[in-house]
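K.L.:
Before I ask anything, let me first share the structure, which is written out below as structure tokens.
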Amino acid sequence: MATQHFTNGSATDDGETALEHIIKSLETPTMKCEGTHFDSHVPHTFVIFGASGDLAKKKIYPTLWWLYRDNLLPKSTKFCGYARSKLTIEELRAKCHQYMKVQPDEQAKYEEFWQNHDYAAGSYDQRSDFVALKERLSSLESCNCSCNRIFYLALPPSVFERVTVNIKDICLAERGWNRVIIEKPFGRDDVTSKKLSDHLASLFHEDQLYRIDHYLGKEMVQNLMTIRFANKILNSTWNRENIASVLITFKEPFGTQGRGGYFDEFGIIRDVMQNHLLQILSLVAMEKPTSCQPDDIRDEKVKVLKSIPALTLDDMVLGQYVGNPNGVGEQREGYLDDPTVSNDSNTPTYAQGVLRINNERWDGVPFILRCGKALDERKAVVRIQYRDVPGDIFEGNSKRNELVIRVQPGEALYFKMMTKSPGITFDIEETELDLTYEHRYKNSYLPDAYERLILDVFCGSQMHFVRSDELSEAWRIFTPVLNEIENNKVKPIPYVFGSRGPKEADQKTSENNFKYYGSYKWIGKK
């Protein structure tokens with residue numbers, strides 16, 4: 001059944017399935033928190049610019065299908081793709097098909113989904129093409145009533161300004177709200193980001209803009225606030241008196257896979273650290289907001305970002321992967337072997353930065369951000385490492401407590417602690433209190449990050465989207481070191497494809513009060 005994708009049909013106390021409960025809540029007009037519902041009976045149109053591209057076929061269209069299939073969109077939702085490529089609906093459908101995960105018993109619903117689609121080919125800078133698009137949207141909506149429109153810009157930065165001007169001048173709904181979803185990159189530095197933000201502010205109100213960072217849609221990232229502020233045992237220790245250091249890690253086991261040309265323009269710092277990892281840091285470190293309203297939360301994120309000094313080169317370790325002669329396939333090729341990358345490129349594929357927060361709660365606690373490609377595993381994890389126990393009586397055998405929030409893969413929350421080894425001796429050992437989602441929540445489906453975020457746009461919740469002042473502070477922190485790296489042509493440290501990364505990164509981590517014991521590996525419950 002289609003509902004198995006979302007909840008496996010688990011029931012609430014009144015007999016509703018969890019999915020039915022969610023659908024009902026989305027249609028409820030009286031909710032305590034902003035952005036938790038939509039008007040199901042008002043027509044909505046979802047317009048995808050860049051509809052023929054990779055992001056659209058791999059993420060956007062599959063996400064829209066999953067939401068449509070599970071009845072999580074307003075009842076009268078239509079979809080329209082727009083790109084330069086001349087495609088029929090059937091050709092567009094064929095491009096997307098392998099990513100849609102359609103089950104045999106969902107075929108009728110899938111046909112219905114595509115019957116609600118249109119597609120228009122046109123340029124991104126010709127006003128006449130946008131006039132034609134407006135006419136197609138009006139025809140698709142086919143009603144003389146109010147209609148809400150969402151515009152998703154899955155586009156390269158080079159066409160961004162012209163497209164947004166044409167949307168504003170020509171394509172907005174006249175009797176309904178309009179919302180614009182924007183994909184990164186949000187500029188290359190503080191200057192280009194401000195230029196883009198000023199341009200958007202001249203066209204749209206901030207409450208119409210949804211700057212998407214898909215990491216903010218991940219289950220464990222969204223869980224950070226609850227972990228912190230709904231548990232006194234953790235909240236009361238969340239400070240410099242108890243926490244020694246924080247390590248936020250993002251690792252990918254693959255290289256650029258022939259797409260290094262795009263990556264080479266931005267590098268790992270802009271691609272991952274300045275956005276995904278810094279957003280996680282802000283949720284870990286921010287003060288308690290006055291409520292769960294989106295702007296109360298984003299206000300606190302901005303406050304903590306303002307307390308972080310700009311990074312310098314001394315705070316960084318930079319690396320670039322080289323081929324592994326003992327590897328197989330792609331592992332034998334280094335970054336510079338990618339034919340789309342310049343032979344003398346100094347672009348880092350690995351970066352580690354140590355950030356400091358100059359406020360009362362975190363003064364002296366290093367926040368270590370590390371990310372890289374072509375490493376030994378796929379993993380995103382937050383490690384909150386506590387200080388050593390004062391007055392040790394266990395002859396140096398006691399290890400630090402550590403709260404570990406595993407973002408991906410295999411969502412989990414576990415707390416590393418010391419216990420007596422079972423048996424007749426009085427030895428101690430490291431173990432964990434473990435909440436592994438796939439075992440504790442067997443009947444629950446964890447939706448893809450894009451599902452959560454696109455649904456948030458329909459509901460009008462900006463809680464998990466980046467505000468312009470957040471973006472400004474992020475670039476203030478990173479622009480000086482990016483300029484220093486590029487102006488001085490800093491050479492990254494070579495590391496072997498499939499390794500942990502440069503050894504210098506582990507040394508820098510140790511210097512910043514994070515102890516890596518290497519004596520214990522979490523494997524999750526069997």
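Cβ atoms here come from the backbone N, Cα and C positions, even for glycine.
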K.L.:
Based on Swiss-Prot, name the residue from GLU241, GLU252, GLU429 that is recorded for the same D-glucose 6-phosphate site as LYS184, HIS214, TYR215, LEU216, GLY217, LYS218, ASP271, LYS373, ARG378, GLN408.
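P.N.:
That D-glucose 6-phosphate site, as Swiss-Prot gives it, pairs LYS184, HIS214, TYR215, LEU216, GLY217, LYS218, ASP271, LYS373, ARG378, GLN408 with GLU252.
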K.L.:
Taking Swiss-Prot at its word that GLY50, ALA51, SER52, GLY53, ASP54, LEU55, ALA56, LYS57, LYS184 bind NADP(+) 1, choose the one of ARG84, ARG149, ARG162 listed for that site.
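P.N.:
Site partner of GLY50, ALA51, SER52, GLY53, ASP54, LEU55, ALA56, LYS57, LYS184 for NADP(+) 1, according to Swiss-Prot: ARG84.
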K.L.:
Please work out the number of neighbouring Cβ atoms within 10 Å of the Cβ of ARG370 (NADP(+) 2 binding site), leaving out its own Cβ.
P.N.:
26
K.L.:
Write down the Cα-Cα distance for GLY50 (NADP(+) 1 binding site) and ARG383 (NADP(+) 2 binding site), rounded and given in Å.
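P.N.:
With the alpha carbons as reference points, the distance is 37 Å.
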K.L.:
Mind telling me which of the binding-site residues LYS373, ARG383 has the densest Cβ neighbourhood, counting other Cβ atoms within 10 Å?
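P.N.:
Answer by Cβ density within 10 Å: LYS373.
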K.L.:
By a 10 A CB contact count over all chains shown, which of the binding-site residues listed here is most packed: ARG84, LYS416, ARG500?
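P.N.:
The most densely surrounded of these binding-site residues is LYS416.
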K.L.:
For GLY50 (NADP(+) 1 binding site) and LYS184 (D-glucose 6-phosphate binding site), determine the Cα separation and express it in whole Å.
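P.N.:
Just about 14 Å between their Cα atoms.
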K.L.:
Check LYS416 (NADP(+) 2 binding site) against DSSP and tell me helix, strand or coil, would you?
P.N.:
strand
K.L.:
Which three-state DSSP class does TYR215 (D-glucose 6-phosphate binding site) fall into?
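P.N.:
Going by the DSSP assignment, TYR215 (D-glucose 6-phosphate binding site) falls within a helical segment, counted as helix.
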